[in-house]
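Report on one structure; see the data block that follows.
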Ligand SMILES: NC(=O)N[C@@H](CC(=O)O)C(=O)O
Ligand SMILES: [Zn+2]
């Protein structure tokens with residue numbers, strides 16, 4: 001018996017048209033896409049005119065397990081992901097202990113197998129304990145199934161260490177995913193360095209702390225031939241560097257978060273630095289930086305959207321701006337938020353946005369999915385583009401309630417998500 005989706009409209013990613021189609025799913029793959037599929041013997045889901053999209057793929061998520069289960073678990077984080085329309089997430093290794101051995105990579109796969117609501121691809125750390133002192137066994141991490149290597153949460157300070165990591169990664173054909181931050185330049189900072197940080201008397205993190213490291217790593221990627229993927233780009237100079245690297249023909253890709261596309265440091269200014277739910281790393285920057293990120297997304301410099309879903313407890317986020325941890329949750333509402341703010345307002349087309357959420361991450365990281373096609377993996381989500389609903393942390397499956405978008409009314413929520421042929425989320 002298959003799963004038959006009726007009354008849906010499939011987005012054609014080439015033309016941007018919505019086409020009335022029925023989809024038959026058998027096992028974990030799409031068996032048939034047609035105007036009419038023979039009904040007999042299948043479990044039928046009426047989509048009520050919903051729009052069928054490839055399941056989203058988020059290459060930057062913090063699931064916090066093992067070690068920080070008060071913030072999130074693989075179970076809660078992947079349930080949140082499924083509600084957000086995601087079918088694949090790549091999780092960051094800055095857990096406790098750090099995911100820096102093949103056993104710990106396998107642990108993430110094992111827990112996901114039992115408790116997960118989407119495909120989870122763990123990253124392995126570049127350095128042992130993310131301490132920047134000793135290289136991990138990148139070959140063993142790769143063999144255990146690491147999707148990339150990264151010390152996300154901190155930057156790799158030593159250029160020699162990064163060069164060695166890239167040399168091994170290039171041979172192993174595994175992406176090097178960088179949290180670009182020069183610790184000396186960023187030292188003690190808690191928000192973007194500029195007029196607002198000066199007015200509030202808060203220590204700043206300059207855009208340069210990001211861009212100088214990206215410049216370094218582009219040069220190292222050119223030298224070693226590694227695939228360099230730049231995490232959560234936020235600064236205008238950084239976007240310019242990645243554009244230059246791409247023009248040079250280098251294997252350099254990047255992601256941007258919804259918050260860096262939509263918000264600036266002005267929200268911290270308006271609240272006089274009183275709310276740590278606005279604290280994130282890299283920090284919200286200036287309007288010029290935000291515009292550069294948008295431009296980069298539109299011209300293809302920025303390949304994909306990643307949420308950098310970074311849940312923390314409410315107690316932690318109640319601390320002062322200077323002392324609270326960095327990070328926003330976002331996986332549960334990223335698509336509706338950007339659909340409402342960018343597609344409805346005419347900045348980007350629906351098909352283009354979907355490519356940034358699904359097709360491009362699949363292509364860049366060579367993953368299944370990213371498209372809805374006959375014979376392909378049955379990873380998809382159905383969205384309702386009409387019904388407006390507020391972003392409400394009380395309704396989150398995620399343990400993390402820390403988002404500056406609370407109360408915002410948005411459209412484009414998922415009503416049904418299917419991962420490898422299994423229903424992982426469905427509205428009542
Ligand atoms: N983005 C953040 O503000 N925080 C992340 C770390 C990171 O992604 O750099 C976290 O782990 O909390
Ligand atoms: Zn990071």
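Please read every residue number as a count from 1 along the shown chain.
Glycine too: its Cβ is placed from the backbone N, Cα and C atoms.
Those TrEMBL annotations? Automatic predictions, nothing curated.
According to its DSSP assignment, residue 308 (active site) is coil. Summarising the annotation, TrEMBL assigns active site to 308.
Annotation source TrEMBL lists Zn(2+) 1 binding site at 60, 62, 152, 308. Cβ environment of residue 152 (Zn(2+) 1 binding site): 60, 92, 93, 94, 123, 177, 179, 231 lie under 8 Å away, each six or more residues apart in the same chain. According to DSSP, residue 152 (Zn(2+) 1 binding site) sits in a coil region rather than a helix or strand.
Same-chain residues at least 6 positions away in sequence with a Cβ under 8 Å from that of residue 62 (Zn(2+) 1 binding site) are, in sequence order, 71, 72, 77, 91, 92, 94, 308, 309, 310, 311, 327. According to TrEMBL, the feature substrate binding site maps to 62, 63, 64, 94, 281, 312, 326, 327.
If you look up TrEMBL, you'll see 152, 179, 232 marked as Zn(2+) 2 binding site.
For 50-235, the entry in TrEMBL reads domain 'Dihydroorotase catalytic'.
Checking the binding-site residues 94, 152, 179 against ligand 2, the ones with a C-beta less than 6 Å from an atom of that molecule are 152, 179. Ligand 1 lies under 6 Å from the Cβ of 308, 326, out of the recorded positions 60, 63, 64, 308, 326. Other residues of the chain with a Cβ within 8 Å of the Cβ centroid of 60, 62, 152, 308, the Zn(2+) 1 site, are 61, 92, 153, 179, 231, 232, 306, 307, 309, 310. In sequence order, 60, 92, 150, 153, 177, 178, 180, 181, 231, 281, 308 are the same-chain residues whose CB sits within 8 A of the CB centroid of 152, 179, 232, the residues recorded for Zn(2+) 2 being left out.
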